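Below is one structure, written out as structure tokens, with a few remarks after it.
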Amino acid sequence: MAAEEHSNKRREVSASASASASASVVVNLRVGEEDNDGHRLRLGSSDSVLPGLIDDVALNCLAWVPRSDYPSLSCVNKKYNKLINSGHLFALRKELGIVEYLVFMVCDPRGWLMFSPMKKKWMVLPKMPCDECFNHADKESLAVDDELLVFGRELFQFAIWKYSLRSRCWVKCEGMHRPRCLFASGSLGGIAIVAGGTDMNGNILASAELYDSSSGRWEMLPNMHSPRRLCSGFFMDGKFYVIGGMSSPNVSVTFGEEFDLETRKWRKIEGMYPNVNRAAQAPPLVVVVNNELFTLEYSTNMVKKYDKVKNKWEVMGRLPPMVDSSNGWGLAFKPCGDQLLVFCGQRGPHGEGIVVNSWCPKSGAKDGNLDWKVLGVKENVGVFVYNCAVMGC
């Protein structure tokens with residue numbers, strides 16, 4: 001009898017341990033998915049995410065918390081910190097179609113800032129652990145999925161640093177097959193394409209590469225029809241485009257190039273960007289909003305829209321008052337959902353700062369005037385925007 005009671009107790013303990021294991025934190029699974037033992041995602045019946053709600057419902061609620069608040073959310077307790085760091089909420093947001101736009105910009109060597117247009121909130125990113133050469137050299141930036149890629153130059157070579165919104169830290173990542181600067185770039189979901197630019201020896205490139213954020217690897221693509229530097233890139237209607245730039249120190253490129261991801265071929269579009277680039281000028285400032293292409297003509301401070309059918313540009317209206325740019329350098333012109341953002345310097349009675357202006361193309365233009373709205377102001381950072389990227393995820 002004693003042996004039987006002891007055996008029953010062992011079975012009870014084993015069952016209890018099994019139940020406890022099935023109720024443990026399994027944050028690497030999506031809602032509704034099961035692990036190898038058939039356990040659904042849960043954070044424990046006795047340790048629920050939000051008291052009074054089943055875990056799946058609670059996780060759906062937390063998925064709507066703005067991503068700019070994740071650092072605060074992760075400080076609530078160890079459970080929330082583990083949930084945030086697992087990346088489960090990031091995946092769940094994608095499933096639910098939740099998109100929040102975050103702006104990353106740098107205005108001085110002190111470091112990067114993050115701005116939430118939705119919350120009108122500025123935040124300081126952790127300091128990038130790069131060397132001083134990279135910190136002070138010219139850089140280019142690109143947002144891919146939930147990563148910010150920063151391209152620059154160290155003492156003897158090009159380098160790429162990556163900031164992960166998920167881990168909230170910087171890491172040095174794999175370089176391109178053909179390292180370069182002054183290139184065209186654009187991103188679509190979890191991929192990005194870079195094309196053209198200049199290598200370490202000053203050679204102007206026609207090569208292009210594709211970056212996959214899921215693997216962190218670069219893949220060579222077919223060459224463009226012509227080499228070019230100081231050019232701009234963007235995705236529109238699911239295809240990648242390159243416009244502007246120079247094929248030699250004195251020759252501007254006026255035709256555009258379109259890359260089809262399915263056929264893996266480039267197509268020339270004659271006269272797509274007839275403006276003549278100069279060596280001292282910035283690359284074309286372009287954005288795509290709702291698959292419509294816009295450019296900021298910094299010589300006239302006018303916003304223009306591209307007519308895909310006529311292959312022509314039409315004037316929409318004027319920029320808001322701002323500090324004059326230096327041949328287009330120091331300005332940022334970026335898309336943000338259905339809005340178009342301009343980051344420019346202003347001087348006022350309280351000093352210098354950066355003003356974020358927005359315009360919705362759907363509102364149109366009235367007598368050449370665009371309805372600009374101020375989204376935010378960052379004071380005491382100078383009037384020059386060195387780099388800027390917008391992340392939507």
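Quick reminder: no glycine exception, Cβ is built from N, Cα and C everywhere.
Residues belonging to the domain 'F-box' (48-95) score a mean pLDDT of 87 in the model. If you look up Swiss-Prot, you'll see 48-95 marked as domain 'F-box'.
The annotation repeat 'Kelch 1' is assigned in Swiss-Prot to 88-142.
Annotated repeat 'Kelch 2' per Swiss-Prot: 144-190, in sequence order.
Summarising the annotation, Swiss-Prot assigns repeat 'Kelch 3' to 191-238.
The repeat 'Kelch 4' annotation in Swiss-Prot covers 240-286.
Annotation comment: Swiss-Prot describes 288-336 as repeat 'Kelch 5'.
Each residue in the repeat 'Kelch 5' (288-336) gets a DSSP state, and the totals come to 0 helix, 29 strand, 20 coil.
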